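Novice: Below are the features I grabbed from TrEMBL:
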- 195-614: domain 'Anoctamin transmembrane' (DOMAIN)
- 205-226: transmembrane segment (TRANSMEM)
- 232-252: transmembrane segment (TRANSMEM)
- 299-322: transmembrane segment (TRANSMEM)
- 342-362: transmembrane segment (TRANSMEM)
- 386-406: transmembrane segment (TRANSMEM)
- 418-442: transmembrane segment (TRANSMEM)
- 542-565: transmembrane segment (TRANSMEM)
Amino acid sequence: MSKATGPLLTKRSQSIVENQIYRRQRSLELINALPKEPYDDTKNETSHKTYVVIAFSEKAKLQQCQDVEKIIQQFGVLTTLEVLSKTEKYLYLSATTDCLLRFADESELIKKTVTGSMQKFNYHSVEDFLLPGMSINNIVRDCEAPVLIKDAIKPSLSSYIKNGVIEDLFPLHDYEYLERFSFNWRRRSLPIEEIRNYFGSSISLYFGFTLFYTKALVFPALFGLVQYYYSFNLSLVSSFYVIWTTIFLELWKRKCAGYSYRWGTIEMTSLDKPRTAYKGELKPDPITGKLTLQYPMRYTYLQMYCISYPVVFLCVTAAAYFALYQFQIEAEVLNDFGADSWLLYIPCIVQSVLISIFSWAYEKLANFLTEVENHRTRSQYDRHRVNKLMIFEIVNNFFSLFYIAFVLQELKQLKYQLMVQLLIFQLVCIAQEVGIPLLAVIKQKFVKYMQKEIDEEIKHQVSDLARYEQCFFESGLDKYQSTYEDYLQMCIQFGYVVLFAAVAPFAALGALINNIFAMHIDLFKLCNIFKRPFARRTKNIGAWQSAFELLSVMAILSNCGILYLQPNIKNFFVNLFPNTSDLSFVLFEHLLLGLKFVIHKAIHERPREVRIALLKADYESSEAYKNIKKFKAQVKID
């Protein structure tokens, strides 16, 4: 449910709470009452389908709603304005195929041509993008149409959004398409391509990564079981995780490159259009000459290095202090109650709970600091936000484990502390993944007794009853923010799996079981709990790739350190190299780092077919440019 603007809920939001389950049931019933036909992507419904809905606030006047409608119509967008009451004013936006193709040209969407290469879409050469079996209505995908409309009209509506006339702007769900994502026990994998076609490349890359990571966890999960029963030498364990983490991350780069090439995002750069919240002055772009928002980078760097990172340092120091304070409390409990007291478990549990609380608080702080830095593109914003967050999360989640392992050198305590933290972390994740859908279901069960029929007067005013019911229901849903928190959970989980693999053989198995359910729950939430998000284009998982690689390098150091602390291993090196035992350990650790580097260089980050396709696209662009030059020269001669 959307938040009220005042201290009390408005009548409109109260009405949404009371009626949302009934409204959705009604819209589904009306849709299901239509003649049943197989869902056909080639069907020409472009001029009738509602892509975007604008919900006006209670204070919006009729004249203002009509002004917004006139502005939007100037872009060639089809509109239907319905003013039903003071609290219910909707503007439905649609577009013809020709309009969407023009928007696609202006946005420079990358599309596959009949030659097999990926090129920027050209409105005047539509036939070049009509692949075999494709109609002109399929060129703009289901996820792209709402974004194209929003990007075209939103700059002209900024004043109406700022002064609160426009309360919300969101795309409607397609219930027929959503049936493809319904849970199916027989389905062995998520439909990544269909998720992309509906939600866009950013969300689909998250599901692609989660699926790939979950499949990769099968190997350490099986290795952990064998490790537990046969007590492998820790040097073998360290070597295995070096090889596994490196191959996993390198193969994901290749998989990601394949996705981004097919989806037309592989050549995105930091010079792409700015994000919505970017602030600056309109100045000519040095490359295109067009007026674009620009902000001096020196102010961004000043904010980063003089404010943001000092604040991050203070937070990291506080997190480290609280981690060490736990051990002081444990020592006092040990002295007062003895080693057999159950009270010794309390400091560890409290510390694990505090880790979750600090993570939530610091995430809010990292968002605020990064927002103030005013980064131009979404990728830059995400990268700097993740950098801040990872510094804190490494200290918050793993500092106490490193202290136990390498200062106290108590491996039994390390194993106990790690398992407690991992257990509580997984419980928090499960509470978030399962709790939100469960609360939504409970809320719907509760409000179904408060169903209200639609007034007959309203029924006569609306042009499409099913659309109105769906719009009313979805306007009361929460807005989906991003995949940020989902990646964060995955990254922390990866750290628990690999950083201390020598003493936690079952961590990978627990992560595997958790992820199998989590990715299906995430898809369910997107389809049923949240508003449909506008699709966002991205070429990779961004800064999260660097975060995973950082943890894989740290895993080499930590597991080698645990290996060296073993009495038999340490005595072996002392006897073998009496004067250089520490140096021998460093050489072994560097040997594993060298092995990681060799694997990294041996596996190219882009598949050969993608590299060839990119070169082919460059060649075709070059030849097209030459032909244009020849044509212009011939025209001048004639």
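The backbone N, Cα and C atoms fix where each Cβ goes, and this holds for glycine too.
Automated prediction, rather than curation, is the source of TrEMBL annotations.
Quick one: where do these features end up spatially?
Specialist: Note on the transmembrane segment (232-252): residues 209, 212-213, 216, 219-220, 223, 226, 498, 501-502, 545, 548-549, 552, 555-556, 559-560, 562-563, 566, 569, 588, 592, 595-596, 599-600, 603, 605 of its chain, located 6 or more positions outside it, place their CB under 8 angstroms from a CB of the stretch.
Long-range neighbours of the transmembrane segment (299-322) within the same chain, counting only residues 6 or more positions beyond its ends whose Cβ lies under 8 Å from a Cβ of the stretch, are 351, 354, 358, 362, 365-366, 369-370, 372-375, 384, 388, 391-392, 395-396, 399.
For the transmembrane segment (386-406), the list of distant contacts is 308-309, 312, 315-316, 319-320, 323-324, 326-327, 351, 355, 358-359, 362-363, 366, 369-370, 413-414, 417-418, 421, 425, 488, 491-492, 495-496, 499-500, 542-544, 546-547, 550, 554, 558, 561-562, 565: same-chain residues at least six beyond its ends, Cβ to Cβ under 8 Å.
Beyond the transmembrane segment (542-565), the same-chain residues lying 6 or more positions past its ends with a Cβ under 8 Å from any Cβ of the stretch are 234-235, 237-238, 241-242, 245-246, 249, 252-253, 379, 382-387, 390, 394, 402, 405-406, 409, 411, 487, 490-491, 494-495, 498-503, 573, 585, 588-589, 592-593, 596.
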Novice: For the transmembrane segment (205-226), find every same-chain residue at least 6 residues outside the stretch whose CB is under 8 Å from a CB in it, and list them.
Specialist: 189-190, 192, 195, 232, 240-241, 244, 248, 251-252, 255-256, 259-260, 483, 486-487, 490, 494, 497, 501, 504-509, 511-512, 515-516, 518-519, 522-523, 538, 540-541
